Amino acid sequence: MEILSNLALGFSIALSPYTLMLAVLGCFIGTIVGALPGLGPSNGVAILIPITFTMGLDATAALVLLTAVYYGAMYGGRISSILLNIPGDEPALMTTLDGYPMAKNGRPGQALVISGFASFWGALFATVMLALVAPALSRVAYQFGPAEYFALYLLAFSTLGGIASNNQAKAAFASCVGLGISVIGLDNFSGLPRMTGGNLHLMDGVDFLVAIVGLFAVSEVFFFIEKHGKGGAVGVKLNKFRVPWGEIWSTRWTQLRCGVVGFIAGVLPGAGASLGSFLTYMMEKNIAGPEGKFGTGVPKGVAAPEAGNNSAAGGALVPMLTLGVPGSGTTAVLLAVLMTLNITPGPTLFTDRPEVVWGLIASLLIANFVLLAMNVPLVRIFVKVLSVPPALLLPGVTMVSFVGIYSLTGGYFDLLLMILFGIMGYVFRKMDIPTVPVILGILLGSNMEDALRRAMVLSDGEWTYLFSSPIAIGLWIFAVAGFIAPVYFRNKIRKPQAVTD
Amino acid sequence: MLKSDRIFGVVVVLGAFAYIASALQTPTSFMSDPVGPKTFPVLLGAVAGLCGLIMVLKPDEEPDWPDFGAVIALAISVVVLIGYAYALKPLGFLIPTAITAGILSYQITPRPLASALTGLGLSVGLFLLFKYVLGLGLVPFPKGWFG
């Protein structure tokens, strides 16, 4: 059993006191980040990245810390959904539908506990599946040449644009913006500068961390300034309660189904946790029918989206680790972490750096139990966090972003660039232009162009080479279908708005 | 009817042309591959231009733009942040951070005393956190104040 020896390796790393401490710390920060409205997994992880680097953590440690934050944020998002009717992050949007009514019916504690267990199950299932599926997929990925990789990148952009946004043209435009920015700097093939406008600061290209922090964190601050911190709903107070074991048991099939569906939604490139929670909630609502009373505060309605989004969060790690193509906004941010640490995700990661992959998987398994403990018995601590006023929180976020980027690059130019990206993120989000494809474009742009040019070198400029293998043709078909199909069923299925997880 | 999407679409189309034009200026070297450094950016520009055209022809619902007061608040915040970016190096961490955080806090919830306290608290608190817990090399005060 190869997987057992791999897991043993993983646990030997994950159980070292230092790594364990980082995982617990990550869970704690993550749950807070998730619970705070206005700070989601992607901007939470984004502002922590520069700090992690300046602390000098090694690859495994940094990855364990940041993925624990990612998992924690997925758990924490439900807290403000249930108590305030404000989703703590995008994937928790569906949890408000039954979670808040349940809280208003005087059962906020039960809603938190049921959703906590559902989160635990979803995340645990996804992590186990990650350990099983990822090595197999990474072997398939060995078959990929430049033509296949080019088609795969295209698939990521087209499904991200097609499924997770409202307007195909705007999503494609956002991808072009990101890819266009990635072109800036020295050309990989000829070594000559491109699109720098003669600016020396731009010779190295635009650092994707600057773009990520600007687009995700700084633009969020602008949103709060526009709203003057208004929009805070009346919160429900958490009273004393018993753990509703019976109700948790009654949702077992719901949790199981939603774990599976959520995982599949997560693995699809571009879909991510928001789609996972949306799909699972709608599925359970249809299975339960009108007698199910979804929307009035039923346990299944709380369990379904939470099992779904946590499972999808784990599933989204699969394409990120095996192919280097992230399945969601936050995994795009995590990919940025890997790239900055000089780790190339993809099939070789599993053979060259097994300690990173299996250390991560083992840490996530441990993190799950830590998160269950934090989110069920200790949930009161995190409920307190909700009373932090935006007027303190968002300036804090800004300052942390600035210091992070400043300590990374040490100059004013990247800070100005970050502000620019913040303004861009604000305008884009106002106009319903998704910002995740921009990040993905900046991250993957040079790989995508390299794949294209290498393919053309191999074929001596023959364009049909791009469609020369069955895998490539399959990916092209999925890419086109994933981009066009949502136009037709968009009228029938209403998606969760503003998917940015 | 002049919609935001139409205006934005026109800007995108013009921007795409500028981008393509700029890409065509890229110097090529003797070591060339079949695709060269120009094709990819030109392709991107073309796709972006097409998207801009679609936005002009099929605009979405008008977004919910902020009112005049909010625009002023946003403009002030951007100016303050730009100032902060320039001030951080010569003036040290504490003073610019306190001022910037205070002003941002005031823009979110206009209570002068609370904002001033937020600015001071964040500045000192974050400095202690960054400097002594995370070990980042931050300079607290302008050079030459304390020897």
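Heads up, the Cβ atoms here are built off N, Cα and C, so glycines get one too.
TrEMBL lists A:20-440 with the feature domain 'DUF112'. If you look up TrEMBL, you'll see A:7-33, A:45-71, A:111-134, A:169-186, A:206-225, A:260-283, A:323-344, A:356-383, A:431-448, A:468-489 marked as transmembrane segment.
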Next item on the list: Please figure out which one of A:45-71, A:111-134, A:468-489 racks up the most CB pairs under 8 Å against the transmembrane segment (A:356-383).
Entry: A:111-134
Notebook entry, point to check: By a Cβ-Cβ criterion of under 8 Å, what residues six or more beyond either terminus of the transmembrane segment (A:111-134) are in contact with it?
Noted result: 3, 6-7, 71, 74-75, 78-79, 82-83, 95, 98-99, 102-103, 238, 241, 243-244, 247-248, 251, 254-256, 258-260, 262-263, 266-267, 297, 299, 302-304, 306-315, 317-318, 321-322, 350, 357, 361, 364-365, 368, 371-372, 375-376, 379
Note to self: Contact between the transmembrane segment (A:169-186) and the transmembrane segment (A:431-448) is defined here as three or more C-beta pairs under 8 Å separated by at least 6 residues; is that satisfied?
What the structure shows: yes
Note to self: Counting only residues 6 or more past its boundaries, what in the same chain has a CB within less than 8 Å of a CB in the transmembrane segment (A:206-225)?
What the structure shows: 38-39, 42-43, 46-47, 49-50, 181-182, 184-185, 329, 332-333, 336, 339-340, 390, 394-395, 397-398, 401, 404-405, 408-409, 414, 417-426, 428-429, 435, 438-439, 442-443, 500
Notebook entry, point to check: Cβ under 8 Å to the transmembrane segment (A:468-489), counting only same-chain residues 6 or more beyond its ends: which ones?
Noted result: 143-145, 147-148, 150-152, 154-155, 157-159, 161-163, 168, 172, 270, 459
